[in-house]
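Here the structure is laid out as C-alpha cells; the discussion comes afterwards.
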Amino acid sequence: MSFDPNLLHNNGHNGYPNGTSAALRETGVIEKLLTSYGFIQCSERQARLFFHCSQYNGNLQDLKVGDDVEFEVSSDRRTGKPIAVKLVKIKQEILPEERMNGQVVCAVPHNLESKSPAAPGQSPTGSVCYERNGEVFYLTYTPEDVEGNVQLETGDKINFVIDNNKHTGAVSARNIMLLKKKQARCQGVVCAMKEAFGFIERGDVVKEIFFHYSEFKGDLETLQPGDDVEFTIKDRNGKEVATDVRLLPQGTVIFEDISIEHFEGTVTKVIPKVPSKNQNDPLPGRIKVDFVIPKELPFGDKDTKSKVTLLEGDHVRFNISTDRRDKLERATNIEVLSNTFQFTNEAREMGVIAAMRDGFGFIKCVDRDVRMFFHFSEILDGNQLHIADEVEFTVVPDMLSAQRNHAIRIKKLPKGTVSFHSHSDHRFLGTVEKEATFSNPKTTSPNKGKEKEAEDGIIAYDDCGVKLTIAFQAKDVEGSTSPQIGDKVEFSISDKQRPGQQVATCVRLLGRNSNSKRLLGYVATLKDNFGFIETANHDKEIFFHYSEFSGDVDSLELGDMVEYSLSKGKGNKVSAEKVNKTHSVNGITEEADPTIYSGKVIRPLRSVDPTQTEYQGMIEIVEEGDMKGEVYPFGIVGMANKGDCLQKGESVKFQLCVLGQNAQTMAYNITPLRRATVECVKDQFGFINYEVGDSKKLFFHVKEVQDGIELQAGDEVEFSVILNQRTGKCSACNVWRVCEGPKAVAAPRPDRLVNRLKNITLDDASAPRLMVLRQPRGPDNSMGFGAERKIRQAGVID
C-alpha cells in the first residue's frame, strides 16, 4: 500500500499541540504496528483508524502495541476514508503503590526470539497468578514487565503490580520482582515402608526424610524399598517432609563411588551377631589396611559378598566405597581370602556331607559322633555342595541355643582328603561287655533342642595272650541287630584321625549268649512283614520281624503262644528275635470264674486304636450289683474270638480270670453283644447298619453268613467284627440271622400315574392309533436276509 503524506485535507498545517490549529484531537491505543504503518483503536468511539509511521512525533522504536496516543482525524484523498494524523504518545500515569505476591504459572519461553523472531512491537507473554479472598486470579506479563535482568521460571515466587488498561480493559502484571526461586527437585532411595508411610534416604545429604503414601504419584502397589524416587521438600509443623514423590528409572540415584582397585586387609572388629541395645553405629565392623599411613575402615552387615561368618584376624579382600554426600570411606564387597585360616586361631575339623535339606544340611564329622548342622550361607567360595562331598569347617556354639553346635566357614576339599578310619585286614574275636547305644533319632530341623549323645560299647578280646578291651560304636555294627552283653562278635581295629585312639569297626554278631533269657508271649498283631507279641504279663507289646520267626509265618495266628528273646536294634528300640511257636504250658494259672458279667469297653486294644499309648484294653462292669463300675484290663488272650475287633463303647459279656506272671485279675472269654439290621445285600456282599470308626456301615461277605441263609434288607443279625491288619479296615464275620425283617410290600402306584390313567380316553375316535402291520423278522440262518433292503417313500405301504 502506498501513502503520500501530502494528500491529507489539512492544507499543510502541522496540527501539533504547539500549533495554532483548533482541530479536535482524540485518544486511542496502538492496536497493530507494522514496519511503516499501523492501526489505532479509538477510546471514545468504536472506530479503527489507519495511520502512517511518518505521522508519529517521536522515536518510532519507542512505540509499541498497547501504547496510548493522541491524534487528529483526517481523510485520505484517494479513498476518502478517515485516517489518524499527527500522533503523539501519551505519558503513562503513575502506577499505584499496592503490590501483590504471586507465582509464575507459565514462564515466557526461553530464546523465543532466536527461534521465531517476532514482528516489531510484539513481545512473547507469560502468565502469573495470585490469590485474594480464597480465589485465584491469573494475569499475563511480558519480558519488559520484569524488573532487572532476571529470567523467571515456572513456580517462582514473585511480587508485582496489577495494571488495568483503561482503553482495552485488559489486566496485566507489571513491575514484577523475583522473591524466591522455585526449589529444585531432590532425589533419593526408598529405604523403609510402613503401613501408611515410608522413609527416603536423600541423595544430597546423609539423612532420611518422611513421606506419606498419599504424596506418591503413581501405583503404590509397585513401590518397594530400593526404588529410586524424586520429590520436593516442604515444611509441615516444623518438620521437613517429602511431597510429590515420583518414581525414577532404576540406577538414577547413586550415593557412592566404588573403587576399581581391590585392597587387602585384616579384620580387627567383627559385627556382633546380636547387637546391643545401645549400639547406634550403622557400620560397627573394622578392617585394618596397611597404607603408607595405616588406616581402619568401617563396614556394615551389607558390605560382605556372602553371609559367611567373619572372625577377627581374617585376611580379606575388598573395595573402598566413598559416599558422595559426606565423603565417608568404608570397606565393601568384602570376601574372605583362601589363606585366611593360616592367620586365625580357629580349630578346623573335617567331615563329609551326610544330608542336604532346603537351605541347610548335616555333616558327618571325623572327630565327632553326632552330625553337625550347617547353613548353606556358610559355604565359602560360592561352591555348591552335594552329598558325600568332603569339607573342612569350624564348629561354634549356636547363638540361639548354647547347648547346640553348628558348622561355619565350610570349605570344599578335594576327593580323598577325608579319612574316617585306617584299619588293618586282620579280624579279632571278642565278647561284648557293654552295649553301644545310638543318639536320639536325627531330626531335619535345627530347633529341636539338644540331642542325646551316643554311648560307646566295650568289647573284651585276647591278643597274643593279653586280655584287652576296645570301644565300638553302634553305627559300626553290621546288620540290623545290635550285639548285647555276652554276645560273641568279630571285628577289625581302626585308628581314627584323633591321635592315638583305636576303635572296633565292622563289628559282626557271631552268636548270642547261650545264657540269654527266653520269654513267652502271645501273637497280638500280624501285618505284612512284621507283627507284635503280647508279653506274658499282658501289659505290653513287642515288635518282631517275620525274618526272626523260625517256621512258616503263614501258620501264625492271633493268640498263638510264642517264645522269644529281646534285643536292641538301631535307635535303641527293643524288639523280639528268635521267635518260636510253642505250646501253652504257662497259660492260665487258675480256672476262670464261672460268673458271666455284662460290661462296656472303655478303652480298646492298641492294635485297634494305634494313637493310644497303653497297650491293654479296659472293660467296665455295667450290670447292677456290688461290682458295678469296676474296671478290668484285657489283652489278646482274653478274647473269645482272637480276631474280633472290640471298639470303644461296645457292650460285651465276659468272665474274670487270673492271668500273667504277676497274677493280675483280667477280663477273659470276652464276647461282644452286637445286634444290627441289614442295610442292603448286593451280589456277593452286603452292609450292616453298624458304626465302626468313621464308617456308618459295616461290610460283610455272603460267605460269612452262617447256615447258608440268604439275608434280606431289614433282617436282624448278630456278628463279629474283624480288623484287616494290612488295610486297617473292619468287616463283619460269623453273621447269624436272629430274626427276619418285615416283608417288602409292593408300593402303591403313585397318584400322578393314577390320575394320568384316569384321563386317558380309549373311545376317542380322533386319537392317534398305532397298528402293527408286520412283525419284525429275524435272521433265517442264511448268509443274510432274503429280502433286499429298498428305499421306501414315507407313509406308503407296498
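A Cβ is built for glycine as well, from the same backbone N, Cα and C atoms used for every other residue.
Within the set Thr268, Thr340, Thr535, Thr761, Swiss-Prot records phosphothreonine at Thr761. As annotated in Swiss-Prot, SUMO2 cross-link applies, among Lys91, Lys180, Lys434, to Lys91.
Looking up Ser74, Ser514, Ser550, Ser607 in Swiss-Prot, the residue bearing an annotation of phosphoserine is Ser514. Taking the domain 'CSD 5' (349-410) as a whole, pLDDT averages 86 in the prediction. Across the domain 'CSD 4' (297-337), the DSSP tally of helix, strand and coil residues reads 0 helix, 21 strand, 20 coil. The Cβ of Ser276 has fewer other Cβ atoms within 10 Å than any other of the modified residues Ser123, Ser276. Note: the Cα of Lys81 (N6-acetyllysine) and the Cα of Lys91 (SUMO2 cross-link) are spaced 29 Å from each other. Secondary structure at Lys91 (SUMO2 cross-link), as computed by DSSP, is coil. There are 9 other CB atoms within 10 A of the CB of Lys81 (N6-acetyllysine), with all protein chains counted.
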